[in-house]
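According to TrEMBL, the feature transmembrane segment maps to A:14-31, A:43-62, A:68-85, A:92-113, A:119-139, A:176-195, A:225-247, A:259-285, A:305-324.
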Amino acid sequence: MPGPLRRLLVKPELGALVGAVVVFAFFAVQSETFRSPRGIANWLDPASTLGIMAVAVALLMIGGHFDLSAGVMVGTTALTVGIVATELRQNLWVAIGVALLLALAIGFLNGWLVTRTGLPSFIITLATFLMLQGLNLGLTKLFTGTVTVGGIDDVPGYGAAEWVFASRVSVFGAEVRVAVLWWLLFTALATWVLLRTRFGNWVFATGGDDVAARNVGVPARRTTIALFMTTAAAAWFVGTTLAVRLTSVQANTGIGQELIYIVAAVIGGCLLTGGFGSAIGASLGALIFGMTQLGIPYLRWDADWFYFFLGAMLLLAVLANRLVRRYAEAARR
Amino acid sequence: MTTRPAAVPSRNEPGNAAPLLELRDVGKDYGTVIALDGISATVRAGEVTCVLGDNGAGKSTLIKVLSGVHRADRGQVLLDGRPVAFGSPREALDAGIATVFQDLAMIPLMAIWRNFFLGAEPTKGRGPFRRFDSARAKDVTRRELAAMGIDIRDPDQPVGTLSGGERQSVAIARAVHFGARVLILDEPTSALGVKQAGVVLRYVAQARDRGVGVVLITHNPHHAYPVGDRFLVLNRGRSLGEFGKSDIDRDELTRLMAGGAELEALAHELERPAD
C-alpha cells in the first residue's frame with residue numbers, strides 16, 4: 001500500500017465518515033424533508049445528546065475502559081436536579097450544582113474501584129449501573145410518591161437554565177437546539193485534549209498498555225479516574241439538559257442508553273481493547289444514529305428496521321476496526 | 001573480590017578517574033535463595049560492559065539491582081565513586097541510569113514521536129492552554145533518531161509497524177535523549193535475527209561513542225564480543241570474572257560462559273563416531 005493511503009487508513013474516524021456520508025446520501029436522495037434545514041435540525045437533536053455522551057465514552061474507551069453506568073447516570077443526575085429543585089425547594093442552579101457534585105463523586109468511585117481492584121471496568125460499572133437503577137426508582141418514589149419528578153419549570157432560576165441548556169438558535173431559517181452547539185464544542189474540546197495535550201497522550205498510553213505506560217512515568221491511575229469523572233460529567237450535562245428541556249423526568253430515564261453510547265464510539269473507530277479511537281469518530285457515530293433514527297420514519301418505513309440497521313453498522317465497524325488494528329500491530333519484517 | 005583486577009585502559013578518560021558506575025561485592029537474596037553473590041564490575045563512560053550468562057545465571061537480578069527495582073543486600077553500588085541505593089526505577093532514572101527492558105515500554109498503536117516523549121511530553125502555552133508541543137516532539141524525534149543513524153520514514157507511523165530491531169533502536173535513542181549516562185540493555189538482541197541484531201549492536205556502539213556507559217546483558221558471546229570493552233561472566237549467581245577485551249578472546253569467552261569443560265564434554269558426546 002502506498003504511504004498516504006496507509007496513513008489515511010489508520011485514521012480512526014475514516015470509517016465513520018464514509019458511513020455518515022453514505023447514510024446521509026441514502027436518506028437525502030429519497031426524502032425532501034430529510035434534507036431540508038428543518039429536517040436537518042430534527043435529526044441533529046437526537047445526535048447531539050447522544051453525541052455528547054459518545055464523545056466522553058470514546059475517551060474512556062481509548063483509555064481502556066467501559067462505563068455501563070453512563071446511561072443510568074443521565075437519569076440519576078436529571079432526577080437529582082428535579083428532586084433538589086422541586087422537593088427540597090432549592091434554586092435550580094443549586095440543584096444543577098448538587099447533581100454535578102454527585103455525578104463527579106460517582107465517576108470518581110467508578111474509577112477508584114477499577115484502578116484499585118484491577119477488576120474489569122465492565123463488571124464494576126455494571127454493579128454501579130444496577131445500584132443507580134434501584135436508587136433512581138426508590139428515591140424518586142420516596143420523595144414524590146410517583147415514578148416522575150415534574151414541575152421543574154416552576155422553580156426560580158429556570159429562565160437562565162433554560163437559556164443555557166434548552167434554548168433554540170436560528171441557523172439558516174431552522175431552529176436548532178442549543179444542545180447541538182454544545183455537542184460541537186465538546187467534540188472539538190475532546191479532540192484537542194486527546195491529540196494536543198499531555199493528558200491526551202496519557203489516555204492513549206493507558207489504554208494501549210497501562211504497565212508500559214506506568215514504567216515510563218505516566219500517571220495511569222489518575223488518568224483512568226479522570227476519564228471516569230469526565231464520563232460522569234457528560235452524563236450530568238445531558239441529564240440536566242433533559243431535565244430542563246422536558247421539565248419532568250421519569251425514574252427510568254437513560255436505562256439502556258449505555259450500550260448505544262458504546263455503539264456510537266465503536267462505529268467511530270474506537271477499539272474495544274483500548275488505545276485507539278477518536279472523539280470526532282464517536283460524534284460521527286452519533287450522527288449516523290440520529291440520521292437513521294429519523295430518516296427511517298421519513299421514508300415511512302417501519303421503525304423496527306432501525307435496530308437491524310444499527311446492528312449491521314456496528315458489525316461493519318468492528319470488522320473494519322479489526323483490520324486497522326492488525327495493520328498497526330503487524331511488525332514489518 | 002573474586003575477580004581479576006580489570007585493568008582495561010579506557011578510551012575516553014584517564015584510567016585513574018572514578019568509573020561511572022561500580023559494583024563491589026554485590027549480593028542479593030530472594031528469601032533463602034542466593035540470587036547474586038560477590039559480583040564486582042565497572043562501567044565507564046564511552047565503554048560497553050557486557051554481562052554474560054546462561055539462563056538463571058543472575059542477569060535479570062543484576063539488572064533489577066542496577067535499575068532500582070531491587071536494592072542490593074550486600075556490597076556496594078557506586079555512582080561517580082559515591083555509594084548509592086536506589087529505591088525505585090524513577091530514582092535510578094533521575095540519577096541518569098536508564099534501562100531498556102525487553103518489553104521496551106512502548107505502546108504499539110501510538111505514533112513513534114508520541115512514544116518517544118511518553119511521560120515526558122514537552123509543552124507550550126500556559127494555564128488551560130498548556131499543550132503538548134507536538135511540532136517540537138516530532139522534530140526532536142526525527143533528529144535524535146537520525147543522530148543515532150536510524151532512518152525512520154515517518155515519525156507518525158505506529159511503533160507497532162516497526163521491526164523488532166527498529167523498536168530497540170528507538171528505545172535506545174529515547175534513553176540517550178533523556179540524558180542517560182548509564183544505559184542498561186536487557187537482552188536487546190535475543191529475539192532478533194542476525195541482520196536485525198547487527199543493526200541494534202551498531203546503535204549500541206553509537207550510544208557508546210556519544211559517551212554513554214553501556215551495560216549490555218546477553219547470553220550471546222558472538223553479539224557481546226565485537227561491541228564490548230569488558231566482560232562480566234555470571235554463573236548461578238556468582239561471577240566467573242570480569243575481563244578486559246585484551247584478556248580474553250571470543251572462543252574463551254564462549255567456553256567460559258557455557259561452563260567450559262561441560263560444553264567440551266557435550267561436543268565430544270555429540271560427535272559422530274569416526275568412520
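Count begins at 1; order follows the chain as displayed.
Glycine is treated like the rest: Cβ placed from N, Cα and C.
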> Quick one: do the transmembrane segment (A:259-285) and the transmembrane segment (A:119-139) have at least 3 Cβ pairs under 8 Å, skipping pairs fewer than 6 apart in sequence?
Replying inline: no
>> Applying the under-8 angstroms CB criterion, which one of A:14-31, A:43-62, A:68-85, A:176-195, A:225-247 scores highest with the transmembrane segment (A:305-324)?
In response: A:14-31
>> Are there residues at least six beyond either end of the transmembrane segment (A:92-113) with Cβ under 8 Å to its Cβ atoms? List them, or say none.
In response: 67, 69, 73, 76-78, 80-85, 119, 121, 124-125, 128, 132, 152, 155-158, 160-161, 224-233, 235-236, 239-240, 244
> So which of A:14-31, A:68-85, A:119-139, A:176-195, A:225-247 has the most C-beta pairs under 8 Å when paired with the transmembrane segment (A:43-62)?
Replying inline: A:176-195
>> Under 8 angstroms, Cβ to Cβ: which one of A:119-139, A:176-195, A:225-247 has the largest number of such pairs with the transmembrane segment (A:68-85)?
In response: A:225-247
